[in-house]
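Report on the structure given below.
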Number of protein chains: 2
Amino acid sequence: MNATSWVDGADTGPYGLHHLPYGAFSTAKDPAPRLGVRIGDQILDLRALATGQFFLPWIRPAFHEQGLGGFMAMGPPAWRLVRHQLTELLGDARYRDQSETLLVPVAKARMHLPFQVADYVDFYASEHHATNLGRLFRPDSEPLLPNWKHLPVGYHGRAGTVVPSGTPIVRPRGQRKAPDGAIAFGPSARLDIEAEVGFVVGVGTELGTGVSPDDFAEHVFGAVLVNDWSARDIQAWEYVPLGPFLGKSFATSIGHWVTPLDALAAAKAPAPAQDPEPLPYLRETDRYGFDLSMSVRWNGTEVARPPFAGMYWTPAQMLAHMTVNGASLRTGDLFASGTVSGPDADQRGSFIELTWGGKEPVEVGEGSPRTFLEDGDTVTITATAPAASGGTIGLGEVTGTIQPALE
Amino acid sequence: MNATSWVDGADTGPYGLHHLPYGAFSTAKDPAPRLGVRIGDQILDLRALATGQFFLPWIRPAFHEQGLGGFMAMGPPAWRLVRHQLTELLGDARYRDQSETLLVPVAKARMHLPFQVADYVDFYASEHHATNLGRLFRPDSEPLLPNWKHLPVGYHGRAGTVVPSGTPIVRPRGQRKAPDGAIAFGPSARLDIEAEVGFVVGVGTELGTGVSPDDFAEHVFGAVLVNDWSARDIQAWEYVPLGPFLGKSFATSIGHWVTPLDALAAAKAPAPAQDPEPLPYLRETDRYGFDLSMSVRWNGTEVARPPFAGMYWTPAQMLAHMTVNGASLRTGDLFASGTVSGPDADQRGSFIELTWGGKEPVEVGEGSPRTFLEDGDTVTITATAPAASGGTIGLGEVTGTIQPALE
């Protein structure tokens, strides 16, 4: 497939005809959130298309919703059908006449959460990240815990504080233990990021069943960038024995655009071999990860390029693990990979790793050394992936600026 | 107040005029879930009342919803107003004529989740439970971890697998580590309960703000019984370092009836003194817990009577802690106390404590010793509280029967 789009500039950028990610937007003139597909610097208005009876009748109601829930719940046949129709429409220059009705410039749109988050689960699937954090949090023991290579370790996060990219991040307050053992309270002094990739469940399951890793694409609609903001001082004091809580729950940012799995077909890449071999419920007939090249910019300076392809546990294994106990899935469940870190020092997806616990500052602009986030700092995570066209697609960005803690 | 109700039998049972808990029910004739208030063995149909224009116009729409969300979001003035009106109606014998329209026998109703669960947080607020579990899980170290008396330890659970009382519980499958170090897979062999009390948020907050413990009653609508089913073998292997995940996420049962805080006014009781004194954000002007007497029955045999009044951390402190980092609240957030265990051996709210790690079986009927749950077993948790009338109210029950794991 090598089609071109009639939308100006779309073919040469990260949002060409081979991408077509979904989001929810509104405009000053029409402030109700509605669904759209990004093409170049424009948003194709799906509600306008549905109103114009472009889609099949049974699909149209989904595009009158404010989020992707209804469409995602329809499953892969609907996803493929709509993608096919949108590709045709955006490749057929006869539609150019309808630009004014169908397209909204990204610059004029306000973006919303693309879907209502049901449950949010965060994994810990990078061996390099888990090893680095083990060294930093538990310097006196083996960095990788005994269970780590047997199962994708994960936990539930707070769905209600998942916010769209661009939402200001208020520095959290909380308890921490000072080095002298005193219990202190105040704004976090070790505010960090975690550069992650999230996967969105479209088709849910019944309680008491499980999902095979081979059925990943039957349930997962697409991928979205995630920044799992983390207050390391709060986390370190609270996390034993029930895991991270307030160190994470103050905010998790996700990108505006959900890239459908079909747009990532060319990004499929062999995942690392696993030793020991995992239990049968985690074995994949066709084991693959996604070759996403991530970039982390801190106040505009690129500080890391985490490679997603090297993740030890694949998204399909995460999904299988999450449901092997019979837990049901719901449309809108979001599960994220955990921090993406590669083997090299400049491939680390969190600042606690990049600055080695705050001991090795990084420069984020001339004369601006940083260990953890300062008020006013902005972090932007982006990613690209090989596209079917032979070029690349861009998975959008997830960005946020730190605001001072409340008094 | 010493009013009596015209509903037969209501005055002498756990669902008298001083209780009036809310739930969602349907009938064979009308299978759409709708809201009701329990009075004796009857359900007062709130949708029927709203249709009959009984409530003020601005309140009526909430009683055309399928769950409590809309009503809970209206806040304390609406809660008090409706409670006052319902108390008058159920105390005014002139309404007896309308029994057929207004009342549905509990025996003819099917009960649903009373509200859509937004985020589910589980705390760990009983000192006796935390100490017992510390001894069992970490026999070689101090049972109570260093942070435990400084903050109410908690974590997020899976909101999507919160189910109404009576839902069958399919035994979860998962990984565990055998005593010889081998990694085994299969149905949990140490399936357990946790007898808890949950609190339901009615009025949410904005991101970046916090809630003072003194504002507890401005946000929390009511209380509901919770059974946090737990697979101890799965949990023990997975929980380091990110906390419980699959050992808990397969199912959490809650009672059908949400008891409004106003019905628990007479149950307020001094909470244990705290040493060390907690940080200011956890200090309460009027520190109180709730004097709920819980009962755990295993196949009909009462095996424990956990006392909720002795919980070290109060529900108000849990709420304040959960939000001190700026995390927002949503209508429908559920936070539970963690296992309620008292100081005595027969006051322990989990079987791992009652049987001391499975080493001391309990009798649950003649010649039926148990350590953990067997297929077909039923557990029912109930609770009573002092009522304004001088008697007691009953907080309903949360029950579930274990089904075999799937092949």
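Just so it is clear, glycine is given a Cβ too, placed from its N, Cα and C backbone atoms.
On a predicted model such as this, the values are computed, not experimentally measured, just so you know.
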Per TrEMBL, A:Asp122, A:Glu194, A:Glu196 bind Ca(2+); matching candidate in A:Asp92, A:Asp97, A:Asp228, A:Asp233: A:Asp228
Of the recorded positions listed as A:Tyr124, A:His129, A:Gln235, A:Thr339, the one whose CA lies nearest the CA of A:Asp228 (Ca(2+) binding site): A:Thr339
Rounded inter-Cα distance in Å - A:Glu194 (Ca(2+) binding site), A:Thr339 (substrate binding site): 5
Residue counts (helix, strand, coil, in that order) that DSSP gives for the domain 'Fumarylacetoacetase N-terminal' (A:18-114): 45 helix, 23 strand, 29 coil
Secondary-structure category, per DSSP, in which A:Gln235 (substrate binding site) falls: helix
Near-site residues: Mg(2+), ref A:Asp228, A:Lys248, A:Thr252, CB cutoff 8 A to centroid: A:Asp122, A:Gly157, A:Arg158, A:Glu194, A:Val226, A:Asn227, A:Trp229, A:Ser230, A:Ser249, A:Ala251, A:Ala336
From A:Asp122, A:His129, A:Glu196, A:Lys248, A:Thr252: recorded positions whose CA lies within 10 A of A:Gln235 (substrate binding site): A:Lys248
Spatially closest candidate among A:Tyr124, A:His129, A:Arg138, A:Thr252, A:Thr339, the listed recorded positions, to A:Glu196 (Ca(2+) binding site) (Cα to Cα): A:Thr339
Recorded positions, contacting chain B; criterion Cβ under 8 Å; candidates A:Tyr124, A:His129, A:Asp228, A:Tyr239: A:Tyr124, A:Tyr239
